[in-house]
Amino acid sequence: MSDNKTTHFGYETVSVDEKAGKVADVFHSVAAKYDVMNDLMSFGVHRLWKRITIDMSGARPGNQILDLAGGTGDLTRKFSRIVGPQGKVVLADINSSMLNVGRDRLTDQGYVGNIEYVQANAECLPFEDNSFDVITMAFGLRNVTDKDKALRSMARVLKPGGRLLILEFSKPTNPVMSKAYDLYSFSALPFMGKLVANDSESYKYLAESIRMHPDQETLKGMMEEAGLVRCSYNNMTSGVVALHRGIKP
Amino acid sequence: MDKKLLSMLVCPECKGKLKYDREAQELLCTFDGLAYPIQDGVPVMLEGEARKMSEEEKLEKAKAVKSAE
(Lines of atoms letter the chains of each structure in order from A and count residues from 1; the text may use other names and numbers.)
(Lines give C-alpha, C1' and ligand atoms only; values in the text may rest on other atoms or scores of the structure.)
Protein backbone atom coordinates (compact mmCIF):
# COMPACT_ATOMS: atom_id res chain seq x y z
CA MET A 1 0.00 0.00 0.00
CA SER A 2 2.47 2.60 1.11
CA ASP A 3 4.67 4.11 -1.54
CA ASN A 4 6.22 7.46 -2.29
CA LYS A 5 3.20 8.96 -4.04
CA THR A 6 2.18 12.37 -2.81
CA THR A 7 -0.97 14.44 -3.00
CA HIS A 8 -2.29 17.79 -1.81
CA PHE A 9 -3.65 18.61 1.60
CA GLY A 10 -4.55 22.23 0.97
CA TYR A 11 -1.24 23.77 -0.09
CA GLU A 12 0.83 21.18 1.77
CA THR A 13 2.23 18.17 -0.03
CA VAL A 14 1.56 14.99 1.93
CA SER A 15 1.94 11.29 1.16
CA VAL A 16 -1.14 9.61 -0.32
CA ASP A 17 -1.43 7.47 2.82
CA GLU A 18 -1.55 10.52 5.08
CA LYS A 19 -4.26 12.57 3.38
CA ALA A 20 -7.35 10.65 4.52
CA GLY A 21 -6.26 10.87 8.16
CA LYS A 22 -5.60 14.59 7.95
CA VAL A 23 -8.95 15.25 6.28
CA ALA A 24 -10.62 13.08 8.95
CA ASP A 25 -9.10 15.26 11.68
CA VAL A 26 -10.49 18.40 10.02
CA PHE A 27 -14.03 17.01 9.98
CA HIS A 28 -13.92 15.47 13.47
CA SER A 29 -12.94 18.95 14.61
CA VAL A 30 -15.63 20.92 12.78
CA ALA A 31 -18.60 18.45 12.80
CA ALA A 32 -20.52 20.08 15.66
CA LYS A 33 -20.26 23.59 14.18
CA TYR A 34 -20.40 22.57 10.52
CA ASP A 35 -23.86 23.87 9.71
CA VAL A 36 -23.58 27.22 11.48
CA MET A 37 -20.20 27.76 9.83
CA ASN A 38 -21.66 27.01 6.40
CA ASP A 39 -24.38 29.59 6.94
CA LEU A 40 -21.89 32.20 8.14
CA MET A 41 -19.24 31.61 5.51
CA SER A 42 -21.59 31.55 2.53
CA PHE A 43 -24.07 34.12 3.91
CA GLY A 44 -26.66 31.34 3.75
CA VAL A 45 -26.22 30.90 0.00
CA HIS A 46 -25.14 27.24 0.41
CA ARG A 47 -28.82 26.49 1.01
CA LEU A 48 -29.68 27.84 -2.42
CA TRP A 49 -26.84 25.88 -4.08
CA LYS A 50 -28.14 22.71 -2.46
CA ARG A 51 -31.74 23.50 -3.41
CA ILE A 52 -30.72 23.84 -7.07
CA THR A 53 -28.83 20.52 -6.84
CA ILE A 54 -32.00 18.80 -5.60
CA ASP A 55 -34.10 20.42 -8.33
CA MET A 56 -31.67 19.38 -11.06
CA SER A 57 -31.35 15.79 -9.79
CA GLY A 58 -34.70 14.80 -11.24
CA ALA A 59 -35.33 12.64 -8.14
CA ARG A 60 -38.79 11.05 -8.09
CA PRO A 61 -40.92 9.08 -5.62
CA GLY A 62 -39.61 5.53 -5.24
CA ASN A 63 -36.02 6.39 -6.25
CA GLN A 64 -32.92 4.97 -4.59
CA ILE A 65 -30.58 7.83 -3.77
CA LEU A 66 -27.03 7.96 -2.46
CA ASP A 67 -26.07 11.20 -0.69
CA LEU A 68 -22.31 10.77 -0.66
CA ALA A 69 -20.20 12.70 1.82
CA GLY A 70 -23.67 13.72 2.97
CA GLY A 71 -22.31 14.90 6.30
CA THR A 72 -24.90 16.60 8.37
CA GLY A 73 -27.77 15.63 6.10
CA ASP A 74 -28.94 18.77 4.27
CA LEU A 75 -29.59 16.99 0.96
CA THR A 76 -30.81 13.76 2.55
CA ARG A 77 -33.58 15.64 4.39
CA LYS A 78 -35.03 16.97 1.14
CA PHE A 79 -34.53 13.72 -0.78
CA SER A 80 -36.30 11.80 1.99
CA ARG A 81 -39.45 13.86 1.32
CA ILE A 82 -39.20 13.44 -2.44
CA VAL A 83 -38.65 9.66 -2.64
CA GLY A 84 -41.38 8.88 -0.10
CA PRO A 85 -42.05 5.58 1.67
CA GLN A 86 -41.28 3.44 -1.41
CA GLY A 87 -37.89 5.06 -1.99
CA LYS A 88 -34.67 5.07 -0.03
CA VAL A 89 -31.94 7.57 0.72
CA VAL A 90 -28.54 6.29 1.83
CA LEU A 91 -26.52 8.93 3.65
CA ALA A 92 -22.87 7.92 3.41
CA ASP A 93 -19.84 9.67 4.83
CA ILE A 94 -16.32 8.49 5.58
CA ASN A 95 -16.30 10.47 8.80
CA SER A 96 -18.10 9.04 11.85
CA SER A 97 -18.45 12.44 13.58
CA MET A 98 -20.20 14.00 10.58
CA LEU A 99 -22.44 10.94 10.18
CA ASN A 100 -23.43 10.99 13.87
CA VAL A 101 -24.32 14.69 13.76
CA GLY A 102 -26.39 14.05 10.61
CA ARG A 103 -28.19 11.03 12.01
CA ASP A 104 -29.01 12.67 15.34
CA ARG A 105 -30.33 15.78 13.63
CA LEU A 106 -32.48 13.99 11.06
CA THR A 107 -33.86 11.58 13.66
CA ASP A 108 -34.71 14.47 16.02
CA GLN A 109 -36.55 16.18 13.18
CA GLY A 110 -38.58 13.04 12.54
CA TYR A 111 -36.89 11.93 9.33
CA VAL A 112 -36.92 8.16 9.76
CA GLY A 113 -38.08 5.14 7.79
CA ASN A 114 -36.57 5.73 4.36
CA ILE A 115 -33.07 6.89 5.37
CA GLU A 116 -30.13 4.56 6.00
CA TYR A 117 -26.64 5.48 7.21
CA VAL A 118 -23.38 3.93 6.06
CA GLN A 119 -19.78 4.86 6.84
CA ALA A 120 -17.97 4.45 3.53
CA ASN A 121 -15.08 5.67 1.41
CA ALA A 122 -16.09 7.18 -1.94
CA GLU A 123 -13.08 5.49 -3.59
CA CYS A 124 -14.43 1.99 -2.89
CA LEU A 125 -18.16 2.17 -2.35
CA PRO A 126 -19.68 -0.86 -0.58
CA PHE A 127 -22.73 -1.20 -2.84
CA GLU A 128 -23.82 -3.60 -5.58
CA ASP A 129 -23.37 -2.45 -9.18
CA ASN A 130 -26.35 -0.51 -10.60
CA SER A 131 -27.93 0.34 -7.23
CA PHE A 132 -28.86 4.03 -7.42
CA ASP A 133 -31.03 6.32 -9.55
CA VAL A 134 -29.23 9.43 -8.28
CA ILE A 135 -25.92 10.06 -6.53
CA THR A 136 -25.12 13.48 -5.12
CA MET A 137 -21.83 14.61 -3.64
CA ALA A 138 -21.96 18.14 -2.24
CA PHE A 139 -18.68 19.67 -1.12
CA GLY A 140 -17.06 16.27 -0.71
CA LEU A 141 -15.01 15.41 -3.80
CA ARG A 142 -12.41 18.05 -2.93
CA ASN A 143 -11.41 16.05 0.13
CA VAL A 144 -11.07 12.68 -1.61
CA THR A 145 -7.49 11.46 -2.15
CA ASP A 146 -8.01 9.66 -5.50
CA LYS A 147 -10.79 11.55 -7.28
CA ASP A 148 -10.67 9.47 -10.48
CA LYS A 149 -11.09 6.27 -8.52
CA ALA A 150 -14.01 7.80 -6.62
CA LEU A 151 -15.75 8.87 -9.85
CA ARG A 152 -15.34 5.35 -11.30
CA SER A 153 -16.75 3.88 -8.09
CA MET A 154 -19.77 6.21 -8.31
CA ALA A 155 -20.32 5.29 -11.96
CA ARG A 156 -20.26 1.59 -11.04
CA VAL A 157 -23.01 1.85 -8.41
CA LEU A 158 -25.28 4.08 -10.53
CA LYS A 159 -28.05 2.34 -12.45
CA PRO A 160 -27.88 2.72 -16.25
CA GLY A 161 -29.58 6.06 -16.89
CA GLY A 162 -28.76 7.11 -13.32
CA ARG A 163 -27.45 10.61 -12.66
CA LEU A 164 -24.40 11.84 -10.80
CA LEU A 165 -24.39 15.40 -9.45
CA ILE A 166 -21.25 16.93 -8.01
CA LEU A 167 -21.63 20.25 -6.20
CA GLU A 168 -18.23 21.70 -5.40
CA PHE A 169 -16.27 24.89 -5.10
CA SER A 170 -14.80 25.84 -8.44
CA LYS A 171 -13.01 28.60 -10.27
CA PRO A 172 -14.65 32.06 -10.29
CA THR A 173 -15.27 33.22 -13.85
CA ASN A 174 -15.10 36.93 -13.18
CA PRO A 175 -11.73 38.54 -12.25
CA VAL A 176 -13.22 41.04 -9.80
CA MET A 177 -15.14 38.29 -8.07
CA SER A 178 -11.99 36.18 -8.03
CA LYS A 179 -9.98 38.91 -6.23
CA ALA A 180 -12.71 39.59 -3.67
CA TYR A 181 -13.13 35.90 -3.10
CA ASP A 182 -9.41 35.37 -2.49
CA LEU A 183 -9.32 38.20 0.02
CA TYR A 184 -12.41 36.89 1.75
CA SER A 185 -11.40 33.27 1.96
CA PHE A 186 -7.79 33.70 3.05
CA SER A 187 -8.41 36.33 5.73
CA ALA A 188 -12.05 36.19 6.79
CA LEU A 189 -12.58 32.42 6.73
CA PRO A 190 -9.81 31.36 9.13
CA PHE A 191 -10.81 34.25 11.42
CA MET A 192 -14.45 33.11 11.52
CA GLY A 193 -13.31 29.52 11.99
CA LYS A 194 -11.28 30.61 14.99
CA LEU A 195 -14.14 32.63 16.45
CA VAL A 196 -16.98 30.15 16.01
CA ALA A 197 -15.38 26.71 15.88
CA ASN A 198 -12.13 27.61 17.69
CA ASP A 199 -10.23 26.05 14.80
CA SER A 200 -8.58 28.38 12.27
CA GLU A 201 -6.37 25.62 10.79
CA SER A 202 -9.36 23.64 9.49
CA TYR A 203 -10.73 26.70 7.73
CA LYS A 204 -7.33 27.55 6.32
CA TYR A 205 -7.38 24.02 4.86
CA LEU A 206 -10.83 24.76 3.42
CA ALA A 207 -9.62 27.86 1.58
CA GLU A 208 -6.49 26.13 0.29
CA SER A 209 -8.23 22.92 -0.77
CA ILE A 210 -10.70 24.97 -2.83
CA ARG A 211 -7.82 26.53 -4.80
CA MET A 212 -6.25 23.12 -5.47
CA HIS A 213 -9.49 21.54 -6.72
CA PRO A 214 -9.79 20.91 -10.49
CA ASP A 215 -11.59 23.68 -12.39
CA GLN A 216 -14.88 23.27 -14.25
CA GLU A 217 -13.56 21.85 -17.54
CA THR A 218 -11.04 19.55 -15.83
CA LEU A 219 -13.67 17.99 -13.60
CA LYS A 220 -16.02 17.57 -16.55
CA GLY A 221 -13.23 15.69 -18.37
CA MET A 222 -12.64 13.50 -15.32
CA MET A 223 -16.32 12.53 -15.25
CA GLU A 224 -16.21 11.58 -18.92
CA GLU A 225 -13.05 9.57 -18.26
CA ALA A 226 -14.94 7.69 -15.50
CA GLY A 227 -17.45 6.54 -18.14
CA LEU A 228 -20.25 9.04 -17.69
CA VAL A 229 -21.97 10.67 -20.66
CA ARG A 230 -23.77 13.96 -21.36
CA CYS A 231 -21.51 15.62 -18.79
CA SER A 232 -22.15 19.31 -18.24
CA TYR A 233 -21.90 21.93 -15.55
CA ASN A 234 -23.58 25.10 -14.35
CA ASN A 235 -21.69 27.85 -12.60
CA MET A 236 -23.34 29.39 -9.58
CA THR A 237 -22.39 32.65 -7.84
CA SER A 238 -19.97 33.49 -10.70
CA GLY A 239 -18.28 30.11 -10.54
CA VAL A 240 -17.51 30.18 -6.82
CA VAL A 241 -19.28 26.83 -6.98
CA ALA A 242 -20.21 24.64 -9.94
CA LEU A 243 -22.76 21.88 -10.27
CA HIS A 244 -21.51 19.09 -12.56
CA ARG A 245 -23.84 16.47 -13.93
CA GLY A 246 -23.28 13.23 -15.78
CA ILE A 247 -25.34 10.18 -16.74
CA LYS A 248 -24.39 6.52 -16.69
CA PRO A 249 -24.99 5.13 -20.17
CA MET B 1 -30.20 -3.62 10.10
CA ASP B 2 -32.61 -2.77 7.34
CA LYS B 3 -33.13 -5.74 4.96
CA LYS B 4 -33.11 -3.63 1.83
CA LEU B 5 -29.84 -1.95 2.85
CA LEU B 6 -28.32 -5.32 3.70
CA SER B 7 -29.14 -6.60 0.22
CA MET B 8 -27.40 -3.59 -1.37
CA LEU B 9 -24.18 -3.78 0.65
CA VAL B 10 -21.09 -5.59 -0.62
CA CYS B 11 -17.49 -5.81 0.52
CA PRO B 12 -15.82 -2.55 -0.57
CA GLU B 13 -12.65 -4.47 -1.44
CA CYS B 14 -13.85 -7.48 -3.49
CA LYS B 15 -17.49 -6.37 -4.08
CA GLY B 16 -18.56 -9.80 -2.83
CA LYS B 17 -21.68 -10.64 -0.84
CA LEU B 18 -21.60 -10.18 2.93
CA LYS B 19 -22.99 -12.34 5.69
CA TYR B 20 -24.81 -10.61 8.53
CA ASP B 21 -23.74 -11.83 11.97
CA ARG B 22 -26.56 -10.55 14.15
CA GLU B 23 -24.99 -11.61 17.47
CA ALA B 24 -21.61 -9.98 16.86
CA GLN B 25 -23.15 -7.06 14.90
CA GLU B 26 -20.71 -7.56 12.05
CA LEU B 27 -20.89 -7.94 8.28
CA LEU B 28 -18.54 -10.70 7.17
CA CYS B 29 -16.64 -11.04 3.93
CA THR B 30 -15.35 -14.61 3.99
CA PHE B 31 -13.32 -14.04 0.81
CA ASP B 32 -11.15 -11.26 2.25
CA GLY B 33 -11.55 -12.48 5.82
CA LEU B 34 -12.83 -9.11 7.00
CA ALA B 35 -15.50 -8.42 9.58
CA TYR B 36 -17.02 -4.95 9.21
CA PRO B 37 -18.46 -3.63 12.48
CA ILE B 38 -21.99 -2.24 12.78
CA GLN B 39 -21.84 0.61 15.29
CA ASP B 40 -25.18 1.83 16.67
CA GLY B 41 -26.87 0.40 13.59
CA VAL B 42 -24.44 2.05 11.15
CA PRO B 43 -22.32 -0.35 9.08
CA VAL B 44 -18.70 0.83 9.01
CA MET B 45 -17.60 -0.27 5.55
CA LEU B 46 -13.94 0.75 5.79
CA GLU B 47 -11.18 -1.81 5.37
CA GLY B 48 -9.06 -0.04 7.98
CA GLU B 49 -11.81 -0.38 10.59
CA ALA B 50 -12.59 -4.04 9.84
CA ARG B 51 -11.54 -6.92 12.08
CA LYS B 52 -9.26 -9.43 10.37
CA MET B 53 -10.61 -12.96 10.76
CA SER B 54 -8.25 -15.88 11.45
CA GLU B 55 -7.94 -18.62 8.80
CA GLU B 56 -9.99 -21.00 10.97
CA GLU B 57 -12.73 -18.44 11.46
CA LYS B 58 -12.78 -17.70 7.73
CA LEU B 59 -13.35 -21.38 6.91
CA GLU B 60 -15.90 -21.82 9.66
CA LYS B 61 -17.88 -18.72 8.63
CA ALA B 62 -17.67 -19.66 4.93
CA LYS B 63 -19.20 -23.06 5.77
CA ALA B 64 -21.87 -21.40 7.85
CA VAL B 65 -22.72 -19.17 4.87
CA LYS B 66 -23.04 -22.18 2.58
CA SER B 67 -25.29 -24.10 4.94
CA ALA B 68 -27.48 -21.03 5.32
CA GLU B 69 -28.02 -20.67 1.59
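Note: Cβ is positioned from N, Cα and C throughout, glycine not excepted.
Counting every protein chain shown, the Cβ of A:ALA122 (S-adenosyl-L-methionine binding site) has 25 other Cβ atoms within 10 Å. The annotation S-adenosyl-L-methionine binding site is assigned in TrEMBL to A:THR72, A:ASP93, A:ASN121, A:ALA122.
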Around A:THR72 (S-adenosyl-L-methionine binding site), which residues of its chain at least 6 apart sit with Cβ under 8 Å of its Cβ?
A:ALA31, A:TYR34, A:ASP35, A:MET98, A:VAL101, A:GLY102, A:ARG105
Among A:THR72, A:ASP93, A:ASN121, A:ALA122, which the record lists as binding S-adenosyl-L-methionine, how far apart in Å are the two most distant Cα atoms?
17
Per DSSP, A:THR72 (S-adenosyl-L-methionine binding site) is which: helix, strand or coil?
coil
Please work out the number of neighbouring Cβ atoms within 10 Å of the Cβ of A:ASN121 (S-adenosyl-L-methionine binding site), leaving out its own Cβ.
22
Are there binding-site residues in A:THR72, A:ASP93, A:ASN121, A:ALA122 whose CB lies under 8 Å from a CB of chain B, and which ones?
A:ASN121
List, in sequence order, the same-chain residues at least six positions removed whose CB sits under 8 Å from that of A:ASP93 (S-adenosyl-L-methionine binding site)?
A:LEU68, A:ALA69, A:GLY70, A:GLY71, A:LEU99, A:GLY102, A:GLN119, A:ALA120
Work out the three-state DSSP category of A:ASN121 (S-adenosyl-L-methionine binding site).
coil
